[in-house]
Amino acid sequence: MAQRIFTLILLLCSTSVFAGLFDAPGRSQFVPADQAFAFDFQQNQHDLNLTWQIKDGYYLYRKQIRITPEHAKIADVQLPQGVWHEDEFYGKSEIYRDRLTLPVTINQASAGATLTVTYQGCADAGFCYPPETKTVPLSEVVANNEASQPVSVPQQEQPTAQLPFSALWALLIGIGIAFTPCVLPMYPLISGIVLGGKQRLSTARALLLTFIYVQGMALTYTALGLVVAAAGLQFQAALQHPYVLIGLAIVFTLLAMSMFGLFTLQLPSSLQTRLTLMSNRQQGGSPGGVFIMGAIAGLICSPCTTAPLSAILLYIAQSGNMWLGGGTLYLYALGMGLPLMLITVFGNRLLPKSGPWMEQVKTAFGFVILALPVFLLERVIGDIWGLRLWSALGVAFFGWAFITSLQAKRGWMRVVQIILLAAALVSVRPLQDWAFGATHTAQTQTHLNFTQIKTVDELNQALVEAKGKPVMLDLYADWCVACKEFEKYTFSDPQVQKALADTVLLQANVTANDAQDMALLKHLNVLGLPTILFFDGQGQEHPQARVTGFMDAETFSAHLRDRQP
């Protein structure tokens, strides 16, 4: 008897295992958002803790966490650092796994005050949830004597709060600026002034005085960076507006034009004269006087340094990152000061001879500044036009460098010229595709022709108008990485398109996640994206054919053959 019971249990377990093995590949194995990201909160007077218990195999996006107080004032919310996650479409993003605890300080809360918390996450298997919004009721809190601050949740690290290059590049830019025609010839004179006209100083003493001079100059630049970044932080949201980004791009372009010699950009001569007189009153050779000289020198901008400095300051203001602002300007000043330190210690023999090459260095920095408007405009015009702008900039730079290199007489420059010409030819490809319509033609040939719907009523109407044909409904959103993978890799496949030739194709773009989108998702009982639904000729969905998560073209084609009604 016991043996029969054991055999029966084993048979039942085996049946469930095989059912799992041969289960429908499109059936959802994902849990609801509240289970994937279990949210909770706890308030103790001024202290509020928000917690997320994140299920294994799931993660939250740091940049998608938003906190909005209602009838309450809260201190700045500092999100902890996450771990880096990278995908093909969105690049690097910071995410949270396992557990997230976010402390929030309530400075003041009236009766009935609330906190709206918005967050969004995905599964590692390629399934993303719509943004979730939770309302946290707040207990009444009396304001203390400290000044309350408005909420300030960090927005996005990689594209908004960082330069399009490492801050260490500021050091190299500073060194490069030192070799422009307005700066390099002045170094021997500055060296003599710093040393106080004394010719018999020890090497250590000369190096110390020059270092102090550079630190004075760096202090001025660092202070400028901190002030500008702090000002930008107060207007962070406004500085991300498309019109502001376009305005900044125009300013950066004008700054680049000044580096090309179209006009001269510098401080008014009267102000420069006052600053120079203040510097001349300081005593060279003494640490205090040398430090003040350096600090004042940081304010005296020559035509060659004004445009790069203005470009860096404007971009720092746009980023709103104070650490980035101060550090970048400090490295920039240090880069400008390194050649001065070498000249002071080793003499003028280290200086290269002046010549037309210094103007070429200045022009090259004009192209560097032109990269900034392209970087900003990408956020407004999109990736395709952004790629075309990068292409135009690359062609212009490599073309200029190739023409400039033709003046060289050395034999090895022929190799450089070939490399520059090849780089220009590679850079022109996106413009070539645009001009001759290659990209547009490819997109027209490969993309499925979806009919867009928005509401439940529009879906029902489309099912009626299908007139007995099977219907496929694709739920899409810009924030869904796997949805973009479906577009690029699966829906573009000829076999998939052939299998869907007699199917009515509908698509609902729920990127906005507004009331209509949420109503549609709720009506269809959809947890997240990507989700693809199949309806028969009578307008009835076949739940077993539903697809959740990404499928490549081969798997999706097999699914269409086996499961499509």
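First residue shown is number 1, and so on along the chain.
A Cβ is built for glycine as well, from the same backbone N, Cα and C atoms used for every other residue.
As recorded in Swiss-Prot:
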- 1-19: signal peptide (SIGNAL)
- Cys122-Cys128: disulfide bond (DISULFID)
- 163-183: transmembrane segment (TRANSMEM)
- Cys182-Cys304: disulfide bond (DISULFID)
- 208-228: transmembrane segment (TRANSMEM)
- 243-263: transmembrane segment (TRANSMEM)
- 289-309: transmembrane segment (TRANSMEM)
- 323-343: transmembrane segment (TRANSMEM)
- 357-377: transmembrane segment (TRANSMEM)
- 384-404: transmembrane segment (TRANSMEM)
- 434-565: domain 'Thioredoxin' (DOMAIN)
- Cys480-Cys483: disulfide bond (DISULFID)
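All features noted in Swiss-Prot, drawn onto the structure.
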| residue | record | DSSP (3 states) |
| --- | --- | --- |
| Cys122 | disulfide bond | strand |
| Cys128 | disulfide bond | strand |
| Cys480 | disulfide bond | coil |
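Of all Cβ atoms in the shown protein chains, 25 besides its own fall within 10 Å of the Cβ of Cys480 (disulfide bond). Each of the disulfide-bonded residues Cys122, Cys128, Cys483 was scored by how many other Cβ atoms lie within 10 Å of its Cβ, and the smallest score goes to Cys128. Mapped onto DSSP classes, the domain 'Thioredoxin' (434-565) shows 60 helix, 24 strand, 48 coil.
In this structure the C-alpha atoms belonging to Cys122 (disulfide bond) and Cys483 (disulfide bond) are separated by 12 Å.
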